[in-house]
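What TrEMBL says about this one:
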type: COMPBIAS; residues: 460-475; note: compositional bias 'Basic and acidic residues'
type: COMPBIAS; residues: 607-616; note: compositional bias 'Basic residues'
type: COMPBIAS; residues: 714-731; note: compositional bias 'Basic and acidic residues'
type: DOMAIN; residues: 52-108; note: domain 'AWS'
type: DOMAIN; residues: 110-227; note: domain 'SET'
type: DOMAIN; residues: 234-250; note: domain 'Post-SET'
type: DOMAIN; residues: 477-511; note: domain 'WW'
type: REGION; residues: 435-487; note: region 'Disordered'
type: REGION; residues: 508-547; note: region 'Disordered'
type: REGION; residues: 601-627; note: region 'Disordered'
type: REGION; residues: 709-731; note: region 'Disordered'
Amino acid sequence: MSDMEELEVKTKQHTPQLFLESEDKTDEARGTFSELQECTYSSKIIGSSGQHEHMTCDCYENWNSETQQNMACGEDSDCINRVTSVECSNKFCTCGNDCQNQRFQKKQYANVTVIQTELKGYGLRANENISESSFIYEYIGEVIDEESFRKRMVDYDTMKLKHFYFMMLKKDSFIDATMKGSLARFCNHSCNPNAYVDKWVVGDKLRMGIFSKRNIQKGEEITFDYNVDRYGAQSQPCYCGEPNCIKWMGGKTQTDAALLLPDGISEALGVTHKQERQWLKENKHLRSKQQSDESIINEAFVKSIEVSALTEGDVSKVMGALMRVQDLNITQKLIQRIYLTNDDNINSSIIRVHGYKTLSQTIKAFKDEDNELISKILIILAKWPKVTRNKISSSQIEDVVKDINANSNDDNLKKLSSDLLAEWGKLQMAYRIPKNVGNDKGSNSPALYGRNARSRSRSRSPDRGKSSEPQHVETDETLPDGWQTAFDPNTQTNYYYHAELGLSKWERPTKEVPKGPKGPKPILYNEPAKRPILGSNGRNYNEEELARREEERLKKEKEEQFREIQQKERLLQELILQSQKELEEKKSLEEKTKLEKLEKEKERQALKRKKLKKSKSSIPPAPPVPIETQWTKTFAKHVPNFLKKYEAEIGRDNIKGCAKELVKTLVAKEMKKHSDTKPPKELDNAKLKKIKEYSKMFMEKFLIKYRSKHDKKRNHDEENGGTKRVKADVE
């Protein structure tokens, strides 16, 4: 038996420790942090599920009159939301309000208490037996981005905090339960845990839940695998006491066990942790060569997996994983499994569990990273069974494919997307009009749409193809009078119908349809025969008389109904007029407010200008610039340009000195001639020529002196140099 197999046997045979006698420390533990009922988010987009459309299941209400509960979407149902880790929503799903797949929203937590452990600080204990795959608690905290996460890691380390409570939600989103969270923060790490964490889509957010991995006994401590090295934590000793304990958690000397694939992902890829550990044992050298320390999975192992086509039992696992995974390597393998699947029945099952929406989301996430992946997805979409375009339309995947066709530079992607769009373009939308309920035998029975009919239904999605009746979903109180919601099995979507008038539509109705007079009530042949109607003389009325009386009764009934319709129309018109009046008043008020604001702004601007003008007038005028200074500025604009050519010989400092002296001389001459005359804005060419000639004369004189002085200095230096050389030779 190998070491790995021995470890597996020991793990299975290990008897869990029970803490039945440990004191309840829940109240004490609550004093160490601020308890939150829901996660808080640092921004609106942080922690988003990335799904722009709501995932709806195809279950329908299953009312239990004894417990007064809606049992739809329960643990034993095949609810497509539940099997893909998506919670149902009262607002969007067709399964009725408060179904069994709302555990996060209803906070259906297990009965647990906090206890004090010997070496691990606080821990979380089960107060009752918990069955396998049960929801235990939501991991709640502050959801922050990666930059804030890195900063808090440093801050908490500086604060000398012994325990960190971070959990990765997405690559760029982390839950921090250090200061604010729920009791789930007290779940300790174990190398052989009895629970696991799993991401669920709840509304438009991803949320993290703790679920039982196996049956948990009353008094047992609830634990899960932290995998803390994903967050660069300091190395810490592990005190779980399990036979397979790796002794240390985190740090740079991390073990490959911390990078094991999550349970849901490994199942979706068709591998086990035992296979992964065996591969790591045989290929340990590949990890350091083929991936960085920042990796959160064993990338080389994932790339080495030989995947196979899906079976019916794999569909929900693969689609659930694909909806939540963000790693490109894992996504490639999951898509490859779908790509290899050619069974039409299995492909139909994939479509049912949000297939189009999930692939649409995958394309958006990786369209700029892997053209081969996008190519495979387009091929998958092309081979999926297609009857109508309803699913395609509702998932909005057509727009995503159009975007690829319009913006991709890859010729293969352009051709695949173009062919797919052409194929989809041939499909028709399926519109199903329900039968007029009033014309069906026995259809006036209130049980058809009442609570009793729903209580006979099952949460598990039935074979709806056998019935031609509209599948009633739920009576929505917000719908106008007479309208009902039903499910169409051909398109897998809901539609709205008016049973009495025989109308149906895909769009949600917003107002009541005026009803015309009802026709004659249909004869129900299964009713018992009625007694003959007797006249005042005691004889029976003949059929003609009965028909005439019935006609008069129906006529009166129609007239009464018509009057009611007219009354309703009058009320409707009054409401419309009232609404229009209120709208006009509102617009008038808005215009008035706007004009008032404009007037106030004008007054404010006028006052501002007045103050500015006043402040300007109060400033004393600047003293006049002396004429001598004006001449100096005028000559200073031109003289340096005339002297530039001498800079190479005499240097910049001498040029500046000469220019300054020359300007001073020229100003003195001008002041001597015209002491009260301002210089012109621009000097004429004749004046500039004179200045140039004078500058040339000035520089010639300066150069004579400069060269004479430098010649003497050069001769002196040469003489001294000669003397030094002679002395050196003598020595």
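Here the Cβ of each residue, glycine as well, is placed from N, Cα and C on the backbone.
TrEMBL labels come from automatic prediction, so no person has curated them.
Counted with DSSP, the domain 'AWS' (52-108) comes out as 8 helix, 5 strand, 44 coil. As a whole-number mean, the pLDDT of the domain 'AWS' (52-108) in this prediction is 88.
DSSP labels the residues of the domain 'SET' (110-227) in these numbers: 17 helix, 53 strand, 48 coil.
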